[in-house]
Amino acid sequence: MSDSASPRKHGKNAFFFVIVTVALDMLAFGLIIPVIPALIRELAHVTSEQATLWLGPLAATYAVMNFLFGPVMGALSDKFGRRPVLLASISTLAIDFLIMGFAHNIWILFLGRALSGISGATYSTANAYIADVTTTGDRGRAFGMIGAAFGFGFVFGPVIGGFL
C-alpha cells in the first residue's frame, strides 16, 4: 500500500490530516444533534412529542450503517490506501449535509443519516493510518491525539449546531 511505504517520510503531514479528518467527522456528527428534533418536526409534520418517536430510529440508522460499514471502509483502505478512503469520507460528509439541508421529507433525512453513518465509519482507517505513519514509540501519543480530536469534535459539534 502506498500510504505505508515510508512511515516517517510523510508522518507529520499524514498525522495532521488524520487528526483534522477525525475532528471534522465528529464535528459533523455532533453538529446535527441539536437540529434533528426540529428537522423531524418539520419534515414528518409531527409534534415535539411525536418527533421523539422518530429520533431513535434516525439515530439507529446512523449507528447501524457505521457498524456495518466499519469493516468495509477498513478493507477499502487496505486495498486503495488510507488517505483516499479518508478523503472520500470527508467528501461524502459534505454531500450528506447537502442532502440533509435540502431534505423535503423525513425519508430523505433518513437517507442523509445513513450516508453519514457510512462515511463516518472510518475510525479504524484513521487508526490504521496513524499506525502506518508513526514509529512504535510515538503511537501512544498519536492514538491519544486521535482520541482528543474525536472528543473535540463531539464536544464542539453540538455547541456549534446549537448556535446555527
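One is the number of the first residue shown, and numbering goes on along the chain from there.
Every residue, even glycine, has its Cβ placed from backbone N, Cα and C.
Taken from TrEMBL, the feature transmembrane segment applies to 14-40 (among others).
Under the heading domain 'Major facilitator superfamily (MFS) profile', TrEMBL lists 14-164.
Nonlocal intrachain contacts for the transmembrane segment (52-73), taken as residues 6+ away from its ends with a CB within less than 8 angstroms of a stretch CB, comprise 29, 36-37, 40, 44, 46, 85, 89, 106, 109-110, 113-118, 120-125. The transmembrane segment annotation in TrEMBL covers 52-73 (among others).
Listed as Cβ neighbours of the transmembrane segment (85-104) (distance under 8 Å, sequence separation of 6 or more from its ends, same chain) are residues 17-18, 21, 24-25, 28, 32, 39, 43, 73, 76-77, 111-113, 115-116, 118-122, 125-126, 129. If you look up TrEMBL, you'll see 85-104 (among others) marked as transmembrane segment.
Outside the transmembrane segment (142-163) by six or more residues, the chain places 15, 18-20, 22-35, 123, 126-127, 130, 134 with a CB less than 8 A from a CB of the stretch. Under the heading transmembrane segment, TrEMBL lists 142-163 (among others).
Each residue in the domain 'Major facilitator superfamily (MFS) profile' (14-164) has a pLDDT score, and their mean in this model is 93.
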